[in-house]
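Enquirer: Summarising the annotation, TrEMBL assigns domain 'SSD' to 1-89. Marked as transmembrane segment by TrEMBL: 66-89, 140-160.
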Amino acid sequence: GVDDMFVIMACRNNLNEIQKKKSLAVQMGLALRHAGVSITVTSFTDIVASTIGGTTILPALESFCLYAAAGVFFTFIYQATFFVAFLVLDEHRVAKQRNPFLLCVTHEKPVQSHNNVAPCSRPIINFIYSRIILTYPVKILVVLTTLGFTGFCIMGLTMLRQEFDPKWFLPPDSHLVKFLNARDLWYGDSGQEAHVLLGRLNYTAELPHIHNLVRQLRSQQDIVKDVNTWYDGFRKYLNFYFNRDIPHE
């Protein structure tokens, strides 16, 4: 956001003498005509990068990236609206020689100095642009370089892979990490252990649904290796002592 303000101010100050004689609204339009491209491109790339980061499987990083993308977007909107509006109001204040803190106080017209020296970097930048960058060979070189970098980026994009291990957030010398490493070493083909916990239910009415849940879990043989549940023992108990079967009750 701050760099957008500097870009807008720089474009406003770089207007030539003829442009500065126009109305303030026209001056701001001319300044934004040059600054708009710069602040739009930088803001758009930041929004895209943050939005892509929001696709991560890490919840904390996902929230951060999405909020960052929204923040950059609204900052861009405020820079192009509120900041420009207040800049115009401040220019009106300067034109009337009013004090920035006490607007009711009017200062005398300042004495114009004839010893204003342009920044030493301006001639260098003008030379680089007019003599080097704006020539056709350099333009062609810039386009080819950009296409080359674009090709490398596309090639690298096809090689991206998403990988996450919860152990990355644990101290490497903790007992839990040692246990997880040992389990991966000796039981690496067993997959991850998962638990399904049931809360306060009317188990008398929900037992048929629990039966269906267990049956569906056991049917997923491509992802579930084994299902160990209290329901099997309870069902055998009912069949043996009461000769009753839960799914048919």
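Even glycines carry a Cβ here, placed using N, Cα and C.
In TrEMBL, annotation is done automatically, which means it is predicted and not curated.
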Enquirer: Hey, which bits of the same chain come close to the transmembrane segment (140-160), Cβ under 8 Å, at least six residues off its ends?
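Expert: Those are 133, in sequence order.
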Enquirer: Report, as numbers and ranges, every residue of the chain located at least six residues beyond the transmembrane segment (66-89) whose Cβ falls under 8 Å of a Cβ in that stretch; write 'none' if there are none.
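Expert: Result: 1, 4-5, 8-9, 12, 24-25, 28, 32, 36, 39-40, 43, 46-47, 50-51, 53-54.
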Enquirer: Quick check on the domain 'SSD' (1-89): DSSP residue counts for helix, strand, coil, in that order please.
Expert: 77 helix, 0 strand, 12 coil
Enquirer: Check the domain 'SSD' (1-89) for me and report the mean pLDDT.
Expert: 88
